[in-house]
Amino acid sequence: MDVGGVSSTSSSFLGMGDYGEEPHVLAVDDNLIDRKLVEKLLKNSSCKVTTAENGLRALEYLGLRDDQQNTLNGSGLKVNMIITDYCMPGMTGYELLKKIKESSILKEVPVVIMSSENIPTRINKCLQEGAQMFMLKPLKQADVKKLRGQLMKHRN
Amino acid sequence: MEVGQLQRKFVDYTASLFCEGFLDEQFTQLQQLQDESNPDFVVEVVSLFFEDTEKLLNDLTRALDQQSVDFKKVDAHVHQLKGSSSSIGAQRVRNACIAFRNFCEEQNTDACSKCLLQVKQEYSLVKNKLDTLFRLEQQIVEAGGAVPMVG
């Protein structure tokens, strides 16, 4: 359930028994419908999902907000991937990506950027800043399955 | 009406919605996401869309009614609506939003007002269609049948 801030729901679908626990994905999007959609897509791909409605909330969850101590107490270490919308009020997905890549603890966590707009300069900018992948919205099940495949390779 | 008839009606109605461009393949994606763990997924997401859209349309009406229109704000609202309509497959609403955004860029109040009207009309149409579709589904289930997968 998403109650405006940050929320976590566990997937009951255990499809990847060989790998033990399911990957935990933090999904960031200011659009409520898109949040619900990406959560379902990820759960259908055997991921545990936490959603956040903006960059600031995401950073709080990860323990990366400016006024938080950069300790291991944040939830950051429990996140295997972050997927974020590009266009968000306040902090864009690009700015969020930068903050994550600047963090000594979280810079190795793959970050995927989503956008409804196919703008090559935007895509390149994100990839150059270290985004794992750029995905066009609306997301489809096939896109997320591909992402899941990449994630498994990344873990190994 | 017996189950078979209801199911045929449902299939035909769904097909017409795709044919007439009210829905696109993203709606099919939504239907395919529905499963036993989430049997009401489509209705839930679409209900959220209705709620969200109604709020956005109110915000847009207010924003365009101002003496001095804040086009950035208007564009931001339309961007949201374009996004959510796209995500659920409400193609005609999405297309109306695309046209709307162009006029926001031009800062053309008159054209924007016309676009808002258009978006409202398309939303009203698709809402009626989807409400009818969900009602049909309910009738099938109540008659003891399974809802056919159309896609």
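Glycine residues also receive a Cβ, built from the backbone N, Cα and C atoms like all the rest.
What TrEMBL records for this protein:
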| type | residues | note |
| --- | --- | --- |
| DOMAIN | B:38-147 | domain 'HPt' |
| MOD_RES | B:His79 | phosphohistidine |
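Counting only residues at least six positions away in the same chain, the Cβ atoms of B:Cys97, B:Arg101 sit under 8 Å from the Cβ of B:His79 (phosphohistidine). In the predicted model, the domain 'HPt' (B:38-147) shows an average pLDDT of 96. Residue counts for the domain 'HPt' (B:38-147) under DSSP, split into helix (H, G, I), strand (E, B) and coil, are 92 helix, 2 strand, 16 coil.
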